[in-house]
Amino acid sequence: MRILSLLLTLLACTAQAADYPLDAPAPDGRRAGGTLTQTLPAPALIDEENKDIRRERNYPEQPPTIPHAIRGYQVDKNGNKCLSCHSRAASAKSQAPMVSITHYMDRDGQALAAVSPRRYFCNQCHVPQKDVKPLVENQFRTIDQVLQDAVQNSGQTP
Amino acid sequence: MKRLIELLRSYWGILRRPSVHYSLGFLTLGGFIAGIVFWGGFNTALEATNTEAFCTSCHEMRDNVFAELKDTIHYSNRSGVRATCPDCHVPHQWTDKIARKMQASKEVWGKIFGTINTREKFLEKRRELAEHEWARLKANDSLECRNCHNFNYMDFTRQSPRAKEMHSTALASGQATCIDCHKGIAHQLPDMHGVPGWQ
């Protein structure tokens with residue numbers, strides 16, 4: 001025990017001797033500025049986009065994002081507020097897009113009467129969006145852009 | 001029985017006889033003042049039971065429904081206007097309020113016998129309790145919602161497209177009332193199997 005404390009003191013001394021910054025500046029990633037020990041004020045919350053206009057999908061299999069606010073929508077074993085509009089039965093009345101047929105299948109592709117339990121929790125894949133500057137730069141290009149570039153590079157006209 | 005009738009008859013005699021010791025002025029004025037005191041006292045007591053502090057003085061309310069309310073927009077929001085328990089659960093008009101208060105004597109019974117004195121008991125009973133509230137709001141056309149949310153002053157241009165669509169059709173024509181769609185906005189929902197509009 002004594003040896004350990006001695007060792008720790010020695011370590012602290014060498015750290016200080018090397019002028020090692022104990023309160024190092026934080027990496028300028030998602031949390032720009034400040035040091036590791038500093039607590040910065042949280043950025044202001046921004047409302048979910050609520051325009052009800054369908055957004056383009058970046059690739060065909062992308063789960064569509066939710067174009068409206070979902071504050072307080074209860075989705076648990078007691079009930080699913082999303083399905084009040086998006087279920088097969090409700091979509092005619094609400095004019096909301098019906099959840100895809102794949103959601104009514106078990107994993108073997110067998111059709112079910114109701115939404116499959118593995119697809120029941122909407123927010124696992126579908127999320128609302130906020131109009132904010134991305135925290136991390138993203139260089140994603142859609143397949144259309146990739147194909148367009150490939151055609152242009154090969155010198156052909158599409 | 002005979003003695004009881006005899007007793008009542010003697011009291012009736014006293015009531016019928018004109019006052020001997022007290023003046024008419026004292027009796028009328030005294031009656032008037034006593035009336036104010038009794039009526040004021042009754043209403044004060046009634047209003048005291050009509051506050052959030054009173055509702056949440058029982059752990060059944062404080063730890064279940066009130067705790068759930070705190071997350072919702074009726075408790076915490078940008079403008080700081082909020083609804084308290086009686087705003088939604090007690091009618092504002094006097095006669096309706098008294099009727100509701102008489103029904104609420106059942107809740108005193110429940111409190112005394114611990115009908116929902118644990119979380120488990122509460123969750124088991126939640127569907128029944130919720131159905132009572134849904135039925136009440138359905139029957140009075142969501143009166144307690146409309147005490148604040150007046151349809152005549154809704155600006156559809158300030159509503160989201162979905163809200164506008166529903167409010168200008170189903171709600172405007174009276175096909176639906178607030179509670180038909182807005183269940184579980186202030187508290188969590190019970191098992192919703194078999195409730196219209198729910199899966």
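Placement of Cβ uses the backbone N, Cα and C atoms for every residue, glycine included.
Unlike curated entries, TrEMBL annotations are predicted automatically.
What TrEMBL says about this protein:
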- A:1-17: signal peptide (SIGNAL)
- A:HIS68, A:CYS82, A:CYS85, A:HIS86: heme c 1 binding site (BINDING)
- A:HIS103, A:CYS122, A:CYS125, A:HIS126: heme c 2 binding site (BINDING)
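Every protein chain considered, the tally of other Cβ atoms within 10 Å of the Cβ of A:HIS126 (heme c 2 binding site) stands at 15. Taking the Cβ of A:CYS122 (heme c 2 binding site) as centre and 10 Å as the limit, one finds 21 other Cβ atoms among all the protein chains shown. Cβ-based neighbour count (10 Å, all protein chains) for A:HIS68 (heme c 1 binding site) stands at 19. Between the CA atoms of A:HIS126 (heme c 2 binding site) and A:CYS85 (heme c 1 binding site) there is a gap of 15 Å, rounded to the nearest whole number. Candidate binding-site residues A:CYS82, A:HIS86, A:HIS103, A:CYS122, A:CYS125, A:HIS126 yield none lying near chain B, with Cβ-Cβ distance under 8 angstroms. Within 10 Å of the C-beta of A:CYS82 (heme c 1 binding site) there are 23 other C-beta atoms, taking all protein chains into account. Checking each of the binding-site residues (A:HIS68, A:CYS82, A:CYS85) against A:CYS122 (heme c 2 binding site), the C-alpha distance stays within 10 Å for A:CYS82. The full span of the recorded heme c 1 binding residues, A:HIS68, A:CYS82, A:CYS85, A:HIS86, taken as their largest Cα to Cα distance, is 13 Å. The residues near the heme c 2 site, meaning same-chain residues not in A:HIS103, A:CYS122, A:CYS125, A:HIS126 whose C-beta sits within 8 angstroms of the mean position of the site's C-beta atoms, are A:PRO63, A:CYS82, A:VAL99, A:ARG119, A:PHE121, A:ASN123, A:GLN124, in sequence order.
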